[in-house]
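A quick write-up on the structure given underneath.
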Amino acid sequence: MSRPPWKSPLCEMVQPSGSPAGDQDMLGEESSLGKPAMLHVPSEQGTPETFQRCLEENQELRDAIRQSNQMLRERCEELQHFQGNQREEKAFLMQKFQEARDLVVRLSLEKRELRQQREQALKEVERLKTCQQQMAEDKASVKAQVTSLLGELQESQSRLEAATKERQALESRARVASEKARQLESEREALEQRHSVQVDQLVLQNESMEAALRMERQAASEEKRKLAQLQVAYHQLFQEYDNHMKSSMVSSERNRGLQLEDLKQQLQQAEEALVAKQEVIDKLKEEAEQHKIVMETVPVLKAQADIYKADFQAERQAREKLAEKKEFLQEQLEQLQREYSRLKTSCQESARIEDMRKRHVEVSQPPLAPGPAHHSFHLNPSSQRRSPPDEPPKFCCPKCQYQAPDIDTLQIHVMECIE
């Protein structure tokens, strides 16, 4: 069984005894502590006074031993109390206290050896004193270690508090950062939604513009086709007119040929303008494809869409101008057709009159004198009708009746006047 913790070998080193043998032992111990002359008297020579004195000395020694035992008990209890407190406070100090306990055990063994070897008691006591001093030094060192450990503990506690405060600050900063990240995420999602809506709107606007461009191209192709049909009709009309003019009148053919050449030049210019507009349309289509490629850059795409819209409006205005010019040319063509019809009618009338004159000449051939007069009478309307083509053509604005010197000036003036 394990002995109680408060009972150590140090407490059992010296126990007072009331027996004479115990007194003699204690007397022997006291004689070894400093009174050897009084204890080495033979027992057979002792007197009652000597015995009484020995008893008194024995009592004094017992008191001294009791006091020393009490002091040792107190020190042992103090050491045990200190050891228990240190064991409760710091577990790793058990090694030092274990060394002290081993030292106490060794001292108890030495005390037993002192009981067996009384002649070495003083040396053992001195060694005990030395051991006590060593224990005091160890105690001081242990106290210093405990003080340093307490300082380290306080420092670690202060560091722990600082780390706790820093952790709390970091947690608050992390919460703020997480809130800010959530806000930024929501803003980013809203911005992405707005950008996606803007991109969809721009895509729809681009598709509508492409559809309008396709419609404009279809309208341009339709107008070109109509213009080609008009040109074919014009060429046919011109051929008929040319044939008729060759058969009817040579001088009018030359003047009308010049006018038709001018009309051909106008038609050629209109065709060139159509080709140029077709090139512009192709260029706009390429720009639209480039706009599709650059769709990711929304601000640049928006600016390009504005430019594209302006170009589209300019193209529409140019097409409107071209349509007006085409209408003007068509009106001129209709006017030429009407003039051709009028000339054809006049030629037919003149031919009919000539036939009537010939028949009249054949019927009334004897009176020859009136013939030239009648011939001149019938030729005057023809000559009067032929005289206007001999005159230079008049380039007149149909809107403000401006007289232009040539066809180019008239075209420029008509475009400005229409605008």
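Backbone N, Cα and C define each Cβ position, glycine as well.
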Given ranges 203-233, 296-326, 389-419, the stretch to which Swiss-Prot attaches the annotation zinc finger: 389-419
Chain-internal residues near Cys397 (Zn(2+) binding site), provided their CB is under 8 angstroms and they sit 6+ positions away: Ala404, Leu410, His413, Val414, Cys417
Cβ atoms near Lys309 (SUMO cross-link) (within 10 Å, other residues, all chains): 12
Surrounding CB atoms that lie within 10 Å of the CB of Ser68 (phosphoserine), all protein chains: 14
DSSP-derived structure type at Cys397 (Zn(2+) binding site), helix or strand or else coil: coil
Residue from Ser68, Lys277, Lys309 whose C-alpha is spatially nearest that of Cys400 (Zn(2+) binding site), among the recorded positions: Lys277
Cys400, Cys417 as binding-site residues, winner by CB count within 10 A: Cys417
